[in-house]
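Visitor: One structure, pasted below without further comment.
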Amino acid sequence: MPQPYPFGRVITAMITPFNAEGQVAYDIAQSLAVHLVEQGSDGLVICGTTGESPTLTWEEELQLFRAVKEAVGDRAAVIAGTGSNCTREAIAATQSAATLGLNGSLQVVPYYNKPPQEGLYAHFRAIAEACPDLPLMLYNIPGRTGQSLQPETVARLASLPNVVAIKAASGNVEEVSALRQLLPDSFAIYSGDDSLTLPMLAVGAQGVVSVASHLVGPQLQALIQAFEAGNVARAQQLHHQLYPLFKALFLTTNPIPVRAAMELLGWSIGLPRLPLVPASAEIRQALASCLTELGLYTA
């Protein structure tokens, strides 16, 4: 189906598989990427928060971009997580990613150094102008970065031709309302929280950058398409059906729970890298219960 938005409706923020020695398992990453596309993902974010970008080297990230693009080709948008709190590093990483034929780049709000809004504007503008041929998705996640990208700043950035979307992960539906009022219809807003996908659709979002789509991609596609078709009751039904899983996937720091869930479903994706640790037995049991209820898992 042709996608009306720059990266589709359902974009999976993909986990990074590791082998028993803790090295990136590129072959499993390729298999997982193909599986996710077959299960309804229109796009894949590689080396984002869920992909454990803080503990990957640049060489590992670049090889992951290559491997995933090789695996999925043109069947899905491949979006490189090349953001940084150092503008020069973000530009260099994004320029390198642009040479690989990827479809876009995810640019997180600079973390820890907490620039003011004018600094955020200058940061993203510098990246956009240095990489004019690569579409950029802004990424607002103040719970991790310590700073929020304000709607007015996003509106200024939207005037740049290759700044085409935002992942809104503040947990604030009012932010999406403000964004939609300020931005052109061509600028895509993606929910950054699975549990807020339906509420954000109601105020003007187009889709979701999802963790849960590792497990329930077809259902998320059905939810969004039902809403688009005006079948709000069906969208609500799917939302409530999936809601326990949405919450279970954030019982502790992402991506710990989704990695455990994928292991329960038979994926050999290894342990997260320190300082992240494996899911507790209690969290694994909660995930198993949710997956069983959805008909996805049998103990």
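Glycine residues also receive a Cβ, built from the backbone N, Cα and C atoms like all the rest.
Take a look at what Swiss-Prot says about it:
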type: SITE; residues: Thr49; note: site 'Part of a proton relay during catalysis'
type: BINDING; residues: Thr50, Val209; note: pyruvate binding site
type: SITE; residues: Tyr112; note: site 'Part of a proton relay during catalysis'
type: ACT_SITE; residues: Tyr139; note: active site, proton donor/acceptor
type: ACT_SITE; residues: Lys167; note: active site, schiff-base intermediate with substrate
Visitor: Within 10 Å of the residue listed as 'active site, schiff-base intermediate with substrate' (Cα-Cα), which of the recorded positions Thr49, Thr50, Tyr139, Val209?
Guide: Tyr139, Val209
Visitor: To which of the recorded positions Tyr112, Tyr139 does the lowest count of other Cβ atoms within 10 Å belong?
Guide: Tyr112
Visitor: Taking DSSP three-state, what's Tyr139 (active site, proton donor/acceptor) in: helix, strand or coil?
Guide: strand
Visitor: Other than its own, how many Cβ atoms are within 10 Å of the Cβ belonging to the residue listed as 'active site, schiff-base intermediate with substrate'?
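Guide: There are 28 such Cβ atoms around the residue listed as 'active site, schiff-base intermediate with substrate'.
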Visitor: Restricting to the same chain and to sequence separations of six or more, state which residues have a Cβ under 8 Å from that of Thr50 (pyruvate binding site).
Guide: Ala13, Met14, Ile15, Val211, Asn254, Pro255, Val258
Visitor: Mind checking which of Thr49, Val209 has the fewest other CB atoms within 10 A of its CB? They're the recorded positions.
Guide: Thr49
Visitor: Is Thr49 (site 'Part of a proton relay during catalysis') helix, strand or coil when read with DSSP?
Guide: coil
Visitor: What is the separation, in Å, between the Cα atoms of Tyr139 (active site, proton donor/acceptor) and Val209 (pyruvate binding site)?
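Guide: Spelling it out, the Cα of Tyr139 (active site, proton donor/acceptor) and the Cα of Val209 (pyruvate binding site) are 10 Å apart.
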Visitor: Under DSSP, is Tyr112 (site 'Part of a proton relay during catalysis') helix, strand or coil?
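Guide: Going by the DSSP assignment, Tyr112 (site 'Part of a proton relay during catalysis') belongs to neither helix nor strand, so it counts as coil.
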Visitor: Determine, to the nearest whole angstrom, how far the Cα atom of Val209 (pyruvate binding site) is from the Cα atom of Thr49 (site 'Part of a proton relay during catalysis').
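Guide: One finds 11 Å between the Cα atoms of these residues.
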